[in-house]
Amino acid sequence: MSKRDEVHEKLICSFCGKTQKEVKKLIAGPAVYICDECIHLCGEIIEEEYERETEGTRELLAPKEIKTLLDDYVIEQERAKKALAVAVYNHYKRLDTSVKTSDVEIQKSNILLIGPTGCGKTLLAQTLARFLNVPFTIADATTLTEAGYVGEDVENIILSLLQNADYDVEKAQRGIVYVDEIDKIAQRSDNPSITRDVSGEGVQQALLKIMEGTLASVPPKGGRKHPQQDFVKVDTTNILFICGGTFTGLDKLIERRVGEKTIGFGSKVTGEKDKNYNQSLQLVEPQDLIRFGLIPEFLGRLPIIVTLDELSEESLVKILTEPKNALIKQFQKLFEIEGVNLRFTDSALATVASLAMKRKSGARGLRSILESCMLDLMYEIPSQEGVKECVIGEEVIKKKEAPMLIFEQAKKQKKQA
């Protein structure tokens with residue numbers, strides 16, 4: 001072995017112990033050496049740490065900017081978008097480590113969304129979580145039960161959030177939880193036909209603890225707790241809870257309180273039915289929700305009450321076409337992949353909106369109507385050659401008639417003419 005080879009054998013990486021021959025590069029420092037592999041590994045570790053640090057300290061958008069982002073995906077509901085933008089901004093500003101609040105403790109303000117089915121409650125919460133880049137989960141209040149009953153514990157909500165945060169506890173503790181159908185756990189003693197079982201109030205009691213802020217013991221695999229299993233501790237103090245519900249009949253309770261007559265010759269007529277409903281909801285007060293069946297302690301954990309308007313037919317037409325991820329745009333993209341230009345007439349869009357209004361399903365019903373009407377077409381189009389354009393008219397929606405197909409040959413003939 002030559003002297004040069006002996007020197008190469010003696011030079012080793014101070015971190016991994018590999019010799020100079022075993023690596024591509026070996027960089028020398030004062031009495032230490034580092035190889036190219038260790039440099040690459042260190043770079044990855046530093047990058048991961050940097051991403052984790054910047055994720056929690058990224059610049060928070062101002063309320064106006066948050067609302068602008070919501071405008072791209074949620075049609076109308078201006079009042080609700082403003083209220084949510086301010087509430088979310090204040091919540092995450094409170095968690096901002098750069099803002100000194102040691103002299104004054106800023107408490108968390110959870111949010112209650114009230115509005116009919118398909119008005120955008122869930123979409124608002126989902127859109128907020130996506131732009132804020134925080135873990136998000138949706139829980140159904142109707143599946144929750146208090147201890148001792150068959151069903152899910154409230155801690156399973158936190159487990160779902162933890163799973164969406166890839167079991168990063170610190171990240172989950174800054175997340176957003178949306179609890180849907182919250183009105184279904186209300187006690188309605190004045191109307192026994194729609195009263196939930198006795199566990200309804202128990203669920204409210206269990207929820208208010210995690211909503212206010214507690215150190216929740218979460219079973220990593222879900223299910224009911226038992227003493228032998230290990231638990232993950234999650235502090236819910238900084239988790240933002242958004243609860244949503246339709247609260248059917250709440251408008252009548254509000255009208256009764258403000259003294260408006262809803263039937264008879266002396267009834268106050270203010271226009272369309274949805275206008276009356278929207279005007280009534282805007283007058284909601286905590287006492288109305290307590291009469292509806294929410295216990296005062298639970299309502300106290302939801303200081304911000306936001307009402308959403310019932311959508312009109314014109315609003316539904318806008319929802320079909322205007323948002324960034326509008327349904328019509330989604331279908332057009334699917335057809336574009338097949339090389340077909342998909343077009344809906346104005347009357348077809350109005351018919352879809354009208355059907356959704358009749359079904360009383362709001363924006364949620366638009367997709368099911370379109371999917372039903374487009375099924376045969378989406379089945380046939382990939383197998384048909386030469387189709388360049390497809391026009392969906394009113395009769396396609398109403399009577400499931402075949403749409404107008406324009407073939408490539410016909411287009412060529414038009415150009416020649």
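Heads up, the Cβ atoms here are built off N, Cα and C, so glycines get one too.
Here Swiss-Prot flags Cys13, Cys16, Cys35, Cys38 as Zn(2+) binding site, drawing on sequence analysis. According to Swiss-Prot, the ATP binding site annotation covers Pro116, Thr117, Gly118, Cys119, Gly120, Lys121, Thr122, Leu123, on the basis of sequence analysis. Taken from Swiss-Prot, the feature domain 'ClpX-type ZB' applies to 1-54.
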Residues flanking the ATP site, with Cβ no more than 8 Å from the Cβ centroid of Pro116, Thr117, Gly118, Cys119, Gly120, Lys121, Thr122, Leu123 and excluding those residues themselves | Gly115, Gly244, Leu308, Gly362, Ala363, Arg364
Of the binding-site residues Cys119, Gly120, Thr122, which sits closest to Cys35 (Zn(2+) binding site) by Cα distance?
-> Thr122
Please report how many Å separate the Cα atom of Lys121 (ATP binding site) from that of Cys38 (Zn(2+) binding site), as a whole number.
-> 50
With Cys119 (ATP binding site) as the reference Cα, tell me which of the binding-site residues Cys13, Cys16, Cys38 is the closest one.
-> Cys38
Of all the binding-site residues given, namely Pro116, Thr117, Gly118, Gly120, Leu123, which is spatially nearest to Cys13 (Zn(2+) binding site) at the Cα level?
-> Leu123
Which residue among the binding-site residues Cys35, Leu123 has the fewest other Cβ atoms within 10 Å of its Cβ, if you could check?
-> Leu123
Including all protein chains shown, what's the count of other C-beta atoms within 10 A of the C-beta of Pro116 (ATP binding site)?
-> 21
Cβ-centroid neighbourhood (8 Å) of the Zn(2+) site, Cys13, Cys16, Cys35, Cys38 excluded = Ser14, Phe15, Gly17, Lys18, Val23, Leu26, Tyr33, Ile34, Asp36, Glu37, Ile39
